[in-house]
Amino acid sequence: MNNIRKTHPLMKIVNSSFIDLPAPSNISSWWNFGSLLGICLIAQILTGLFLAMHYTSDTMTAFSSVTHICRDVNYGWLIRYLHANGASMFFICLFLHVGRGLYYGSYMYLETWNIGVLLLFAVMATAFMGYVLPWGQMSFWGATVITNLLSAIPYIGTNLVEWIWGGFSVDKATLTRFFAFHFILPFIVAALAGVHLLFLHETGSNNPSGLNSDTDKIPFHPYYTIKDILGALIMITALSSLVLFSPDLLGDPDNYIPANPLNTPPHIKPEWYFLFAYAILRSIPNKLGGVLALVLSIAILAIIPLLHTAKQRSMMFRPLSQCLFWILVADLFTLTWIGGQPVEHPFVVIGQLASVIYFMLILLIMPTTSMIENRLLKW
C-alpha cells in the first residue's frame, strides 16, 4: 500500500496533496476553512444535482416546482434547505477564509491570492443566479435590479442588459439561461479551486507567524486530517441545526410570494451575504459610480499585495494593524446591517460613512500604519 500510494499516477497526486504534504507545525484553526469550503462545494453540487432533477426553469412552473420539491419529493424539503442554507455556510467560510488571508499576509502568494479573488467573484455570481431560480418576488425583483445596473455602462449598457435578459424584461429566457449558468458555474469553481490548490502547493502554506516554516514541517496526515474532520463536524452541526430548527431564518419572506412583475416589494434586498456590497452600491447617488464602487468593493482585494508596506508579513506582531483590521471587520458588519435597512435617514448617512471608511482603511490608513510600525521597530 505504501508503494502504490507513492507510485500510482493518480494516488501520487492525492498523496502529495493530502497525505505526505509537508505542512507548518503551527497553523491554527483559521487554516481549516479551505477544507470546509471544499466540503461546502461538494455538498452544494450534490444537493443542487438532486434539486435539478425536479426543478423546471419555466416562469409558469418554476415556483410550483420548488413547492412540489418541498411537499411531494422524498426529503425534498431537506435537500432544498440544505442547498439554501449551505450557501450561507459557504459564504461564512469564504469571508473567514479571506479574513484569515488578510490578517496573516497570505496574499503575498500572488497566484494563489488572485485565483482566490476570481473564485470569490465566481461563487458570488453562482449564488446570485441561484437566488433567481425559485421565481419568488425577491428572486424576480433582485434579478431586475441587479442586472439593470449594467445599463449604467456608457454606450453599450442598454443593449447589454437586453442581451442578458433575452428580451425587454426579466422573463422566461432570463430564467432559463440563469438556470444553465447556475448549473455549470460550480464545476468551473471546482476547477478553479484545483488550480488554487496547485499554486498553494507550489509554495506551501503560510503560518500565523508569517515566517518561513521550512525548518519545522509535519505531514498533513494524520495531524491536519483529524483537525479538518473536527472542523467539518462543527460546521455540519451548525448547518444541521440551522436547516432543522430554523431553515427560513436567513431567507426573505417575500420569496414565498410568486413573482409578480406588476407589484414591487417595499424593500428589494439581496441575500445577507451580499448586503455589505449592496450598501456600498446604494451609498453613491450616481448609478455608474455606485456600480463601480460595488465592483471595486470586491476587486480591491486583488491590489491588497501592492498595498503591503509592512516589513513583517503577518499582523501577529503588529498591534496597530490588528486594531485597524478589527475596525474593518466592524465596518463590514455595519455595512451588512445598513444593506438590509430602508433608504431613509439616518441609514443613508451611516451607509455613506461606512463605505468611505471601508475604502479609506484599505487604501490609505492600513498601509500608512504599517509604515509607522516599521519606523517604531527601526526597520
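Cβ from N, Cα, C; glycine included.
Quantities reported herein were computed from a predicted structural model and do not represent experimental measurements.
What Swiss-Prot records for this protein:
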type	residues	note
TRANSMEM	33-53	transmembrane segment
TRANSMEM	77-98	transmembrane segment
BINDING	His83, His182	heme b b562 binding site
BINDING	His97, His196	heme b b566 binding site
TRANSMEM	113-133	transmembrane segment
TRANSMEM	178-198	transmembrane segment
BINDING	His201	ubiquinone binding site
TRANSMEM	226-246	transmembrane segment
TRANSMEM	288-308	transmembrane segment
TRANSMEM	320-340	transmembrane segment
TRANSMEM	347-367	transmembrane segment
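Counting Cβ pairs closer than 8 Å and at least 6 residues apart in sequence, the transmembrane segment (33-53) and the transmembrane segment (347-367) reach fewer than three and form no contact. Cα-Cα distance from His201 (ubiquinone binding site) to His83 (heme b b562 binding site): 30 Å (rounded to the nearest whole number). Separation of the C-alpha atoms of His83 (heme b b562 binding site) and His97 (heme b b566 binding site): 20 Å, rounded to the nearest whole number.
Annotation for His196 (heme b b566 binding site): spatial neighbours Thr112, Ile115, Gly116, Leu119, criterion Cβ-Cβ under 8 Å with sequence separation of six or more. Ranking the binding-site residues His83, His97, His182, His201 by how many other Cβ atoms lie within 10 angstroms of each Cβ puts His201 at the bottom. Within its own chain, the transmembrane segment (288-308) is flanked in space by residues 98, 102, 105, 107-108, 110, 113-114, 117, 120-121, 124, 149-150, 152-154, 276-278, 280-282, 355, 358-359, 362-363, 366-367, 370, which lie at least six positions past its ends and keep a Cβ under 8 Å from the stretch. Each residue contributes its Cα atom, and for His97 (heme b b566 binding site) and His182 (heme b b562 binding site) those atoms are 23 Å apart.
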